[in-house]
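Read the structure below first, then the notes.
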Amino acid sequence: MNVPMEQGILLAAILFCLGLTGLLVHRNIIYMLMSVEVMLNAAGLAFIVAGSAWGEADGQVMFIFILAMAAAEVSVGLALIIQMFKKFRSVDINKASTMNG
Amino acid sequence: MKELLWLIVALPFSGALILALAGRKLSRLTCSIIGVGTVSLSAGLTILAGLDFMGNNPTGKPYLQVLWRWIDVGGLSPDIAFHLDAVSLTFIFVITFVGALIHLYSAQFMWKEDGFSRFFTYMNLFIGFMLVLVLADNLLLLYLGWEGVGLCSYLLIGFWYKNPDNGYAARKAFIVTRVGDTALAIGLFILFMTFHSLNIREILNAAPGTWGIGSGIAVAVALLLLGGAVGKSAQLPLQTWLPDAMAGPSPVSALIHAATMVTAGVYLIARTHVLFELAPIVQTTVAVIGAATLLIAGFSALNQHDIKRVLAYSTISQIGYMFLALGVGAWSAAIFHFMIHAFFKALLFLGAGAVIWVLNDEHNMFKMGGLRKKLPVVFWTFLIASGSLAALPLITAGYFSKDKIIWLAYVGDKGSVVLWLAALIGAFITALYTFRMVFLTFFGTTKAEPSARPGTGMVIPMLILAFFSFAAGYIELPENMGHVVLFSGFIEKTLPATATIHLGNSTELVFQLIAGLAAISGLFVAYKYYFNKPYPAAVPERNALQNFFFNGWDFDFVYDKMIVTPIVFLSRIDKDDFVDLFYKGLASLARALNIVLSASQNGRVRWYAMVIAIGAILTLTLIFYP
Amino acid sequence: MNILFYIAATAAIVSTLMMVISKNVVHSLLFLIVSLFSVSVVMFIIGAPFVAALEVIIYAGAIMVLFVFVIMMLNLSDEEKRKKRLMKSKIWIGPSAISLILLAEMVYVLTAQPGYAMGQEVVLPVAVGELMFTKYIVVVELAAFLLIAGIIGAYHLGQKEKTVHHRYLKNKNQEL
């Protein structure tokens, strides 16, 4: 197994950019949240790739922290989506811009 | 019990803290129990500590309690430390004892007012700061207490803040005393520069070796300290704030603006007496200021119709006596008069407060009258206090304290005929305006019916104070009348005795007769003109001279024209100078930027995400393409 | 082994792309799960079996189930409009351009560094666990706080409409 590290990082970068594209394109807040998950996952992958290249466990530890953060973020984010849907009867993020800042 | 000295100070502060934090939620009864209770406990502890101090300490060695190091920076390292000696013991006794009585009185006096807990918060805070002031072992801690009582005075004068006039009076008191405070602060700077310490003991011990008698810097320091003292004690030329300070509730006037805070100047001068002895010219100035103030205030008191303003001017006048005593080196006489004055003047204010209270906020003496039968207790206690203020011979405490000052004003080695004459005329005027007030208020026809009677909570403090106004004089009797020197003997453990020219007992008797005659003739003139005379129930007509006296010799007018108007004029023409233009430009620039940036705050999450992404791109670019 | 990495990477990229361009939320979600599985395979290959398992269990398992619940709870109705909007190429240009520039930059940065081979040795869960409870113990505690905060926050936000306690918010609420 001798895949160079750059290729692993490249995979992470591509996934990150795809997630970013999804975040910018969609107005549906569920899509946006999923895109954010992709981006977080890509960032975690980058850590693991780096850790793997050095043969150290630190990268995996970081991934676990990112996982914990993602779990917390998703639970709060989804609760917010539910509240928003109750209030605006829609998941369109532009409808929520009446809050102005 | 001396070890509990810190508790005397801590109790009122803790009361203030509790009331400030939880006062809204507590009932009035709880508030008054906390407010009165903490100060009463302090008073009890003071008496115990005082007995301990006097009993086990025949030489009067000061007791020092160091609590902790306050600051330690650049050679300045004051401690939070309390210094108990004869002078500070007298002061804390008066502060806590009279303070506790006035607290008890106010519990009933203020019962129906809004802000009941606020009132007791301020009052307790005041007691705490006042105790810090007189117990401080260094000048910085003294200054802390000095400013603290100024703050409480400000808060309490403006206690009824809904009336803008009261707020104005509070600001006036604060700003006018600030003039003196600034002088005091500069004095402290000079002292620190010279001695590299603000410890009072160290300064007083080192000063005579450092400065010669009458040297320029000693004069400057003494003058600056005197500036602070005249501001706080409402002496010439900073006396104008005290009559307006009567806007506060009557117990406040009794406690702060008669018994305790305004005598802080007396305390300061007595405490730093060595510095004044090094500057004889300043000490003479103190005497002259005292003499002039007591006359000016006396004439003003004579023309007031508001009962509290009469008392305010009489307070200024009596503190003038204390300054006169300080100026002629009669240290213990000044402290003695301070103590007696605290008793009778607090009582007078409480009596006046009770009269105002039962007459539904009527201040004009000409609309009172005939209250002798309606309010017998108030009348008799008020009469005792008035006798004491007027110094009626032999039967009142005020006679012994004031006669001692008058006598020493002549016989003290710094005294003179002029000072004696001023004190004598002052005594006559004091008796005159005092009994003018008594006759107008309590004799003659009834012009207003009292709506209530003062309850026991108000009467008990007045009775106790009346006892002291009468009896406290007998602890200090002149040489030819038993020669009791309990008080001066006690004070002279700390302050030097007065150097006098010896004139003999018969000469002293002549002087006593003259002083007594002055007081009695004042009473007689008041009787002649004001006893049972049908004055109309209105503000009396005044001619030009009386108006001049009524307005406190027009000091306010002069200050307004000399200081306030030019400053207002200057600030008005200075309003739009080029410096302001620069800052206005900055402000409009910020406003323009705000308009631009607020356009980006459009609430669209995707827009924000886009900006973040562009930011990431730019950051990467900046890092790798420098 | 190398070929497995490339297959998994391709699967991850393709399924993520499908997730982004898919017009149906449920389809998107399924593509996302596929993507997560693929990434998990990649992790396994490059010598991190522990996190590969966590990726499947927590990400693809727990978190995605939350998404499914929410999508079921919200009975989305404006699907058609959204589909039409997504057909327009105009809305894709800007975001894609930004992403591509970012990607290009990252690629440039990565190729400028000397290469290391991945997966020379397998890092076992024991090493991960030891590190977490020694060097990173404080961070573990912080992560625990974060999760607690997340739970409480989600519970609070997810509650039914409650009376608003603050008068300012009350007025605002009536306006909305």
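Here the Cβ of each residue, glycine as well, is placed from N, Cα and C on the backbone.
Quick look at what TrEMBL lists:
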type	residues	note
TRANSMEM	B:6-22	transmembrane segment
TRANSMEM	B:29-51	transmembrane segment
DOMAIN	B:70-120	domain 'NADH-Ubiquinone oxidoreductase (complex I) chain 5 N-terminal'
DOMAIN	B:136-430	domain 'NADH:quinone oxidoreductase/Mrp antiporter transmembrane'
TRANSMEM	B:142-161	transmembrane segment
TRANSMEM	B:210-231	transmembrane segment
TRANSMEM	B:252-270	transmembrane segment
TRANSMEM	B:282-303	transmembrane segment
TRANSMEM	B:310-332	transmembrane segment
TRANSMEM	B:338-359	transmembrane segment
TRANSMEM	B:379-400	transmembrane segment
TRANSMEM	B:420-443	transmembrane segment
TRANSMEM	B:455-475	transmembrane segment
TRANSMEM	B:607-625	transmembrane segment
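With a cut-off of 8 Å between Cβ atoms, the residues of this chain six or more beyond the transmembrane segment (B:210-231) that come close are 146, 176-187, 190-191, 194-195, 237-239, 264-266, 268-269, 272, 275-283, 285-286, 289, 323. Residues 291-292, 294-295, 298-299, 301-302, 307, 310-311, 313-314, 317-318, 320-321, 324, 355, 365-366, 368-372, 375, 379, 382-383, 386, 389-392, 402, 405-406, 409-410, 514-515, 518-523, 525-527, 529-532, 535 of the same chain, all 6+ positions outside the transmembrane segment (B:420-443), place their C-beta atoms under 8 angstroms from a C-beta of that stretch. The largest share of C-beta pairs under 8 angstroms with the transmembrane segment (B:338-359) comes from B:252-270, of the ranges B:6-22, B:252-270, B:310-332, B:455-475. Secondary structure by DSSP for the domain 'NADH-Ubiquinone oxidoreductase (complex I) chain 5 N-terminal' (B:70-120): 29 helix, 8 strand, 14 coil.
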